[in-house]
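S.K.: Here's the feature list from TrEMBL:
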type     : residues : note
TRANSMEM : 34-53    : transmembrane segment
TRANSMEM : 65-86    : transmembrane segment
TRANSMEM : 116-136  : transmembrane segment
TRANSMEM : 156-176  : transmembrane segment
TRANSMEM : 188-207  : transmembrane segment
TRANSMEM : 227-246  : transmembrane segment
TRANSMEM : 266-285  : transmembrane segment
TRANSMEM : 291-311  : transmembrane segment
Amino acid sequence: MNDGLIAVIWIGHGVYMKEITTSGNESRNSGLHWGINFASLIFGGILLLGIFYKTGKAEMSLEVIRYIFGGLSVFTILSNILFALLPDHSSRSVTKRDSFSKTMGKTMRMFTDIKMHLLATGFMFMGLSLSLYITIYPSCLSFSKSVIGFGNEIIAYYAFITAASQIFGGCLISFLSKRIHNFGYMPTMLIALPLYLVAILGIWFAFPKNANLEPTNDVTYLSPSLSLWLIIGTLICIGDSFWNTLRTAVLTKMYDRESSSQASAISKFFQSLTTCASFFYSSILDLHIQMIILTISLIVASICFAIAWKIHSREIENDQKKNISISIVC
């Protein structure tokens, strides 16, 4: 139920981003949105460190956990109130809104779109990436922390790195998109590709192959250290930030306002599909096999995105040629 509600929230975010974004600002707005989204994680990291420092233990009592979830409930209510107060930029009136059956028909037709087929590989890779940085990699840190003499406070440090990396990635794309034409599309994907590959190699060499399954002190190819682990986490999160910013920008660019909700819903469907699958097999497959799966999906997603962007660029060129021909005839 919780995951379903989260999906609804993210679809709402995607639709609203489409409504408030003017042509040419897709990457900038998407980058800002993604960066701001992770600012709260810095607060979470500070809170964890404060708890560990005050209690003198790298663990939380049941009472502290209740306080944390109480605070989360309050912030959830406040955020929904603020979201409800946002200005309505929708151009459709109540009488023009589609029925449920018509909306489902649009969604089914979008499933037949060749560009959506290609983009779906990227959405599925994003699901694996999400699982990597919120479950698999933290598990590796937690199960291997004794090797470098740290306790659970290492998770607080990772929270800082995650927030800083996601914010940096989103703000960087937003900044460069205003200065480099179409930077938020192919260039962003091409930068994310080597970042992920280096991070995957880092995980392969810096952690034992069973580090995601159980506490381990096995020997690794690289000498383990906190700085190395956090650098790997930084690369993962910057790459994830690039792909998530890319997803929002591309859906806003390729599909019109009438199709924005369907496009966002489909993207979350494919992402959730692979995230769910990863949650199941991550407790069975060792770390090296999972890195192989991630590498293959990354390469396939990158190639498919390049093809989808090429198709979209040709469609724009053909539309421009038609408009020029019509204007000449007139």
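Each residue's number is its place along the chain shown, starting with 1.
Glycine is treated like the rest: Cβ placed from N, Cα and C.
Tell me about the setting of these features in this model.
M.R.: Tertiary neighbourhood of the transmembrane segment (116-136): same-chain residues 110, 162, 196, 212, 233, 236-237, 239-240, 243-244, 246-247, 250-251, 263, 266-279, 282, 287, 290, 293-294, 297-298, 300-302, 304-305, 307-308, 311, selected by CB-CB distance under 8 Å and a gap of 6+ residues from either end.
Tertiary neighbourhood of the transmembrane segment (266-285): same-chain residues 3, 7, 10-11, 14, 107, 110-111, 116, 119-120, 123-128, 130-132, 135-136, 139, 212-213, 247, 251, 293, 297, selected by CB-CB distance under 8 Å and a gap of 6+ residues from either end.
Residues of the same chain lying 6 or more positions beyond the ends of the transmembrane segment (291-311) and with a Cβ under 8 Å from any Cβ of it are 114-115, 118-119, 121-122, 124-125, 128-129, 132, 185-186, 189-190, 193, 196-197, 200, 203-204, 246, 250, 254, 274, 285.
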